[in-house]
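Trainee: Have a look at this one.
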């Protein structure tokens, strides 16, 4: 049984580390591609079923977490039903992809609930480390095929404050190179960046919180894991900042704020002195993360830090001029013509708003759901979004349950829902959930359900936690 669980843990580690390679295809055909993350999920599916059987696909039985599962599944069912009166190949493909992602979410949720704390420590830190290294290696190899150097040019763009190059000259080039083409225009790069770039960068937001949540270990090897967590957590932070992705910037900022609040509440209920230590600890960790990022930038170039700050300021100042804001007006006009049934899943908004030459999907979950799936789809989408917000808030303000390592994980996973919540409001692809968003939700909800299933802090032992018992022994 232990050997089977180790196989499942290795598969989950491979799945987490493959997240930044969402753009890289091992096999490509007409209308499909096989990516490393797909193979990793197949391994997770087999390993999880081998280790834990049917338990791995069990939903929460009660509470708000169960409501989220039910509402999201209901949204998918309704989207499938819209194909009856609005059939299209694009709609079938879009709903099929979302359904597969939901299946991945369920399997990862069940796997994370069943994993022991020491296994989560390994996956959280070393999965992030492997993901960062594999991304940089594959990106360098991809650019080498064009006679270029990804890392050197990336640093040069940051030092020279080249905002356009940082936004359009690297990640879109990777996507097009993987597809066998080149980015010809800025509009092409803009379209590609909204569909894949933010998803790729979102993996580094995930890594930042994972490396901090699961780095603690009392064994001697814990010192190596601690060093790796600082190195790759700082590297992830740098990659997010230099991505010139406002949605990921916002998700990172909200996540850090949630971690700080969670540290206060979870330590306050463990005693006044613990509360003060928790506040100091969370503040110190955030400051140290920022300092680590600044030091790494300073090692590269003395001007790098100022350059990055200039890039952030310039990108934020462009929000009011973003033509994609016109999508809100365009979509509301179109929704008014067909408010009940919508235009069908996969439908796109007219390109008259001046974003790209081709049609574009709405950058908001609520509007996209109403536009494509009609009023029922809109209501269900609002429902599972609000439920997720409430679950997030309850987790942040709840007391810590378990030993020190478990509470630390509870604190830092508080930052994970920020990414999908932000992306649903401003992300491309109709505000839908990408694979990295579903990964964040699976890990967060697994820890949330564990915490709400555990005994209250007053009745639980100090150093022994029920948080990471096998699922069969924990309450649903």
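Here the Cβ of each residue, glycine as well, is placed from N, Cα and C on the backbone.
Where the annotation comes from TrEMBL, it is an automatic prediction and has not been curated.
In case it's useful when we look at the structure, here is the feature table from TrEMBL:
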| type | residues | note |
| --- | --- | --- |
| TRANSMEM | 34-52 | transmembrane segment |
| TRANSMEM | 64-83 | transmembrane segment |
| TRANSMEM | 89-110 | transmembrane segment |
| TRANSMEM | 122-144 | transmembrane segment |
| TRANSMEM | 191-210 | transmembrane segment |
| TRANSMEM | 222-243 | transmembrane segment |
| DOMAIN | 235-381 | domain 'O-antigen ligase-related' |
| TRANSMEM | 249-266 | transmembrane segment |
| TRANSMEM | 278-300 | transmembrane segment |
| TRANSMEM | 373-393 | transmembrane segment |
| TRANSMEM | 432-449 | transmembrane segment |
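Thinking about packing and proximity, how do these listed features fit into the structure?
Mentor: Sequence-distant contacts of the transmembrane segment (34-52) (same chain, at least 6 residues past either end, Cβ-Cβ under 8 Å): 1, 4-5, 7-12, 14-15, 17-19, 21-22, 24-28, 104, 107-108, 110-111, 114, 435, 470-471.
If you look at the transmembrane segment (64-83), the same-chain residues 6 or more away from its ends with a CB under 8 A from one of its CBs are 91-92, 95, 98-99, 102, 341-342, 344-345, 369, 372-374, 376-377, 380-381, 383-384, 387-388, 390-391, 394, 445, 448-449, 452.
Note on the transmembrane segment (122-144): residues 9, 12-14, 16-21, 24, 115, 150-151, 153, 170, 173-174, 177-178, 200, 203-204, 206-207, 210-211, 213-215, 225, 228-229, 231-233, 235-236, 239 of its chain, located 6 or more positions outside it, place their CB under 8 angstroms from a CB of the stretch.
Confidence annotation: the domain 'O-antigen ligase-related' (235-381) carries a mean pLDDT of 70 in the model.
Panel annotation: around the transmembrane segment (432-449), residues 15-16, 19, 22, 37, 60, 63, 65, 68, 94, 98, 101-102, 104-106, 108-110, 112-113, 199, 202-203, 206, 210, 365, 368, 388, 391-392, 395, 409-410, 413-414, 416-417, 419-420, 423-424, 476 of the same chain, lying at least six beyond its termini, place a Cβ under 8 Å from a Cβ of the stretch.
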